[in-house]
């Protein structure tokens, strides 16, 4: 009887957590959001280009914000969150990232668009409130875009980094798993690290529905489909260790610091994804991983103030790891 009662209580706790998460995710920061930092946008006069890069896979040209780090420079791909806009990348809207990385020897690449995409190749057309389009973001980021940048802007097509917030944190890790020569460095900031497990698929579906009206089943099929496991970083730790991919993993504890981000949605969501990051760290260490920075103990909420601070903090590590000159 005690065992049964314990199971009932545990199940009740899971239901309460799931209900709270389901209520919080849509309409809040949706695995992506957060308030802008005080220093949003870089100063005028920087050599930032607005490229239109053709994508046969997606049947259209994709806007890419770009700042060169010099001929044959390594690249840092800055990936946006669930609520990515079609005008500018969130890293540019909410931080002076181009200014921070000016003359760093690193080319900064910010693809624009891809709301709710997880930067993945979707099974079906991405149909939302604005209509239907083709999402083949993995193909674009790992084939079409690096080839175009190599041919037209002298950017190294290999030895790059992918850094993403929230939704795109897991995407950065997955890109490095399946394309280890291109992405030797992956930065994940405030991501849900086990999206295929537990209530992950359901909660992601709710958030995607709120952020553009998209369906998770159009992306990776039902939760039983292997695509969910393919795109789950926690299930690919052995590959990350074997490839010796350099990792930078950040997640705050849900408590705001002097940086800001003091609002209930951002606090709740950061605390919600935190446990998956702690489990990822434990599994990585158990697998013999030794090439990662884990920043999981500091105060921080699900907001740009903290993601910007992490991008600033990892600059030297990126330069050293990618061989910037």
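Here the Cβ of each residue, glycine as well, is placed from N, Cα and C on the backbone.
Per Swiss-Prot, the features are:
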type: SIGNAL; residues: 1-40; note: signal peptide
type: BINDING; residues: 82, 83, 166, 194, 272, 273, 274, 275, 279, 302, 303, 304; note: substrate binding site
type: REGION; residues: 98-108; note: region 'Fibronectin-binding'
type: DISULFID; residues: 127-132; note: disulfide bond
type: ACT_SITE; residues: 166; note: active site, nucleophile
type: ACT_SITE; residues: 270; note: active site
type: ACT_SITE; residues: 302; note: active site
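Feature map: annotations from Swiss-Prot on the structure.
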residue: 127; record: disulfide bond; Cβ contacts under 8 Å, 6 or more apart: 213, 214, 215, 218
residue: 132; record: disulfide bond; Cβ contacts under 8 Å, 6 or more apart: 125, 126
residue: 270; record: active site; Cβ contacts under 8 Å, 6 or more apart: 190, 251, 252, 253, 254, 300, 301, 302
residue: 274; record: substrate binding site; Cβ contacts under 8 Å, 6 or more apart: 251, 252, 253, 254, 296
residue: 279; record: substrate binding site; Cβ contacts under 8 Å, 6 or more apart: 193, 194, 234
Discussion item. I want to verify one value. Collapsing DSSP to three states, which class is residue 127 (disulfide bond)?
Written reply: strand
Worksheet item: Which value does the mean pLDDT take for the region 'Fibronectin-binding' (98-108) in this predicted structure?
Response: 98
Worksheet, complete the sentence: Helix, strand and coil residue totals from DSSP for the region 'Fibronectin-binding' (98-108) stand at 3 helix, 2 strand, 6 coil
Worksheet, complete the sentence: DSSP, reduced to three states, assigns residue 274 (substrate binding site) to helix
Item to complete: Report, as a single number, how many Cβ atoms besides its own are within 10 Å of the Cβ of residue 166 (substrate binding site).
Response: 30
